[in-house]
Ligand code: GDP
């Protein structure tokens, strides 16, 4: 049978098999010899040991589509970044950090703005002006009024989604609304996944409906991840990319150089100033990190 690893803990892997539920599996020694370790998110072939007890062995790992650093999971299809329109007020510098981390890891991103019940049309327009030039889709929703939930369900259907966002914005409330009861009841998945929850900091995937999965992404307090260089930062701003060939100087940092295509685009209103200002702050931050 083929399943997906939801969680790994103390040498056991919890593998979700659609229609059956969660199997507690061990990985056979052959992986150790090959030097590969099963990862949360992996699609695996399992051999059932005991159908009643729902135990098995992982026999094979299917080729990975991708492998993320944060969280350490494989086969992620997209990222959903959740912020609130108010309570807490959105911090755009933090939102840009999340976006950069997702662009850096090559994931398509959608921005979800929850607590839309606390905001007016003007506030929505503000976000559209800043984030639509980059091509980001924005979904406004409210867990409280249950608006926008179908749009979210449609977006994530049949995907494995990395969910990120600060605390208090309504992530748990939204995930609860997205979860289908049928899936959580098969083979008492919720009970098994809860086991040992507080003893591990490892990633864990949650099945929300058949073939749809969610994984929590820890916060990024720093952009200090291997491979993130200040010289490449502009590449993670999709709306900057078309203007970069217009820069006069090779290796332009888009900060102090004259005849910079990106600065011109900001002046002409083609790149939102809010995004460019954050770019400058994050560039400086990366410079400080790499100094030492
Ligand atoms: P998390 O920390 O991101 O998981 O946030 P929670 O789901 O725990 O929600 C934080 C608080 O915001 C709770 O008091 C929720 O009741 C409240 N909340 C969640 N969604 C909404 C919403 O759409 N509108 C309003 N007004 N409050 C919400």
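Cβ atoms are placed via backbone N, Cα and C, with glycine included.
So that you can see what the record holds, here are the features copied from TrEMBL:
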type	residues	note
DOMAIN	65-223	domain 'CP-type G'
DOMAIN	74-221	domain 'EngC GTPase'
BINDING	114, 115, 116, 117, 165, 166, 167, 168, 169, 170, 171, 172, 173	GTP binding site
BINDING	247, 252, 254, 260	Zn(2+) binding site
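Sequence features annotated in TrEMBL and their locations in the structure.
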{"residue": "114", "record": "GTP binding site", "contacts (Cβ under 8 Å, 6+ apart)": "82, 83, 84, 85, 141, 142, 143, 169, 170, 173, 174"}
{"residue": "116", "record": "GTP binding site", "contacts (Cβ under 8 Å, 6+ apart)": "85, 124, 140, 141, 142, 145, 147, 148"}
{"residue": "165", "record": "GTP binding site", "contacts (Cβ under 8 Å, 6+ apart)": "81, 82, 83, 98, 112, 171"}
{"residue": "167", "record": "GTP binding site", "contacts (Cβ under 8 Å, 6+ apart)": "none"}
{"residue": "247", "record": "Zn(2+) binding site", "contacts (Cβ under 8 Å, 6+ apart)": "254, 257, 259, 260, 261, 262"}
{"residue": "252", "record": "Zn(2+) binding site", "contacts (Cβ under 8 Å, 6+ apart)": "244, 260, 261, 262"}
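Proximity to ligand 1 (Cβ under 6 Å from any of its atoms) holds for these binding-site residues out of 116, 167, 171, 252: 167, 171. For the binding-site residues given as 169, 171, 173, 254, 260, the lowest number of other CB atoms within 10 Å of the residue's CB is seen at 173. Annotated Zn(2+) site 247, 252, 254, 260; additional same-chain residues within 8 Å of its Cβ mean position, judged by their own Cβ, are 244, 248, 249, 253, 255, 257, 259, 261, 262, 263. The average pLDDT computed over the domain 'CP-type G' (65-223) stands at 89.
Residues 114, 115, 116, 117, 165, 166, 167, 168, 169, 170, 171, 172, 173 are listed as the GTP binders, and the farthest two of them sit 19 Å apart at their Cα atoms.
Under DSSP, residue 114 (GTP binding site) is assigned to a strand (E or B) in the three-state scheme. Across the domain 'EngC GTPase' (74-221), DSSP assigns 60 helix, 36 strand, 52 coil.
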